[in-house]
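Copied from TrEMBL, the annotated features are:
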TRANSMEM  33-52  transmembrane segment
TRANSMEM  58-76  transmembrane segment
TRANSMEM  88-110  transmembrane segment
TRANSMEM  122-142  transmembrane segment
TRANSMEM  154-173  transmembrane segment
Amino acid sequence: MRYGQVFKREECRIDMLIGETLMEKGTRFKDKLYNLIFPLWMIMFFPPFLIAVLFGNLVIDGLVIYLTLYLNRAMLERKQLINVIIKAWVFGFLADLAGAFILFIFSAIFSFNGYYAFESPAAALPFIVSVVFAGCLIGVFNYRQCRSLMDSRLAARVGLAMGIVTAPWVFFIPSSVMW
């Protein structure tokens with residue numbers, strides 16, 4: 001077969017200039033074209049490092065919950081534990097977004113550099129408030145969701161551990177370190 005020959009739709013086979021086959025006989029062109037283009041658009045809207053961040057947060061949340069239960073000599077069924085970890089993970093991101101939103105509001109209202117927490121004591125205050133607020137949200141949510149599965153005292157310990165360990169401490173890292 002030569003490059004550029006015309007075939008019937010059923011026998012359509014498109015070769016790239018380097019000879020790699022994009023579509024084999026019997027497959028639909030539309031499906032193959034969709035599979036070729038879709039990942040490019042996903043990369044544009046879904047940065048690759050975000051997958052690593054999501055996975056890392058899931059592992060950290062799971063470890064904190066599991067270790068808190070283990071150190072208090074309490075265990076949940078596997079299905080319940082996974083359910084608690086997934087809910088804590090999702091709500092942790094929502095709480096981090098709420099903290100970032102508060103930081104954004106502070107930077108819009110007051111004139112300070114929202115990229116460096118240690119510029120002055122006045123600049124550090126909004127960062128502290130947003131991290132504490134997000135940590136409190138995480139702690140309260142985890143307490144409320146665990147309260148139905150365990151006694152109130154243990155649920156408070158899980159909430160406190162999650163609120164302290166998984167608060168968005170990264171807000172304090174200057175953006176010049178990352179870029």
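Glycine is treated like the rest: Cβ placed from N, Cα and C.
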- Spatial neighbours of the transmembrane segment (58-76) far in sequence, C-beta under 8 Å, 6+ residues away: 84-85, 88-89, 92, 142, 149-150, 154, 157-158, 161-162, 165-166
- Tertiary contacts of the transmembrane segment (88-110), as residues 6+ beyond its ends and Cβ separation under 8 Å: 57-58, 61-62, 65, 122, 126-127, 129-131, 133-135, 137-138, 141-142, 145, 162, 166, 168, 171
